[in-house]
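Colleague: Would you mind keeping the following structure in view while I ask a few things?
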Amino acid sequence: MLSMEILLVTFFAGMGAGLGTGFAGLSAAAVISPMLISFLGMEPYMAVGIALSSDVLASAISAYTYGKNKNLDIKNGILMMISVLIFTVVGSYVAKLVPSRTMGNFSVFMTLLLGIKFIVKPVMTTKEKMNETSAKKRAIQSIVCGILIGFICGFIGAGGGMMMLLILTSVLGYELKTAVGTSVFIMAFTAFTGAFSHFMIGGLPPVNIWLLCILFTLLWARIAAKFANKADAITLNRATGIVLVILGISVIGFNILGA
């Protein structure tokens with residue numbers, strides 16, 4: 001049965017998740033999971049599965065938008081994705097063995113801190129500067145970083161979005177739009193793998209909540225990605241930072257409510 005409570009919770013969860021995905025490549029799990037747990041009393045492992053599946057189409061449409069605007073590094077993205085995919089399954093299995101409260105706390109604080117970083121110290125790397133790194137060095141870095149991100153993705157139920165964005169901008173020296181575009185490209189696949197693993201282990205979720213989360217996340221991710229690709233570097237850094245800080249504070253609030 002579709003109640004007003006379910007409609008409102010899934011709408012705002014999808015809006016927060018979609019904006020986070022389109023602007024910063026943030027995993028929907030960082031927003032959707034705590035809202036479903038806090039307001040609808042959903043079992044954490046199932047909530048993570050719904051969030052990851054909501055990530056799939058939202059990340060794909062965002063990646064398409066960034067790619068169309070030439071803000072996507074497919075070659076190195078694929079290298080990172082392969083190592084991420086393998087370790088996502090490992091992380092997802094380990095997550096089933098850990099207390100639910102452990103899952104998600106890390107991603108919430110990472111989201112908040114990353115948001116503050118973008119406001120205080122914007123990523124101003126240009127594509128010209130980004131291309132100075134040798135192809136071999138970037139390929140090796142992509143694989144090593146992918147292993148770390150993949151495990152985190154499966155373990156905390158996130159597409160590893162905030163970790164990917166941090167690593168792509170800080171370690172690999174990507175320009176912000178290209179970092180987000182590459183992040184959402186990878187996340188479409190990691191989120192699919194994570195969602196599939198969660199549903200295989202924990203079973204399928206309630207269909208109405210599942211479909212509404214997917215729909216609303218997709219809608220807002222599309223809106224955010226279109227805006228992000230038209231914005232200049234400073235505006236995008238500030239917008240991304242503000243979205244991440246608001247989402248981080250909101251999710252901490254949801255966790256307190258659900259405690």
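Each Cβ is built from the backbone N, Cα and C atoms, and glycine gets one as well.
Checked TrEMBL, it gives:
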TRANSMEM  45-66  transmembrane segment
TRANSMEM  78-96  transmembrane segment
TRANSMEM  102-120  transmembrane segment
TRANSMEM  140-168  transmembrane segment
TRANSMEM  180-201  transmembrane segment
TRANSMEM  208-227  transmembrane segment
TRANSMEM  239-257  transmembrane segment
Colleague: Do the transmembrane segment (208-227) and the transmembrane segment (45-66) share at least 3 Cβ pairs closer than 8 Å, excluding pairs fewer than 6 residues apart in sequence?
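Modeller: Contact criterion met.
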Colleague: So what's near the transmembrane segment (45-66) in sequence-distant terms, Cβ-Cβ under 8 Å and 6+ beyond its ends?
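Modeller: Residues 14, 17-18, 21-22, 25, 27-29, 31-34, 36-37, 72, 95-96, 100, 103-104, 157, 159, 177-178, 180-181, 184-185, 187-188, 191-192, 194-195, 198-199, 201-203, 205, 209-210, 213-214, 217-218, 220-222, 224-226, 228-229.
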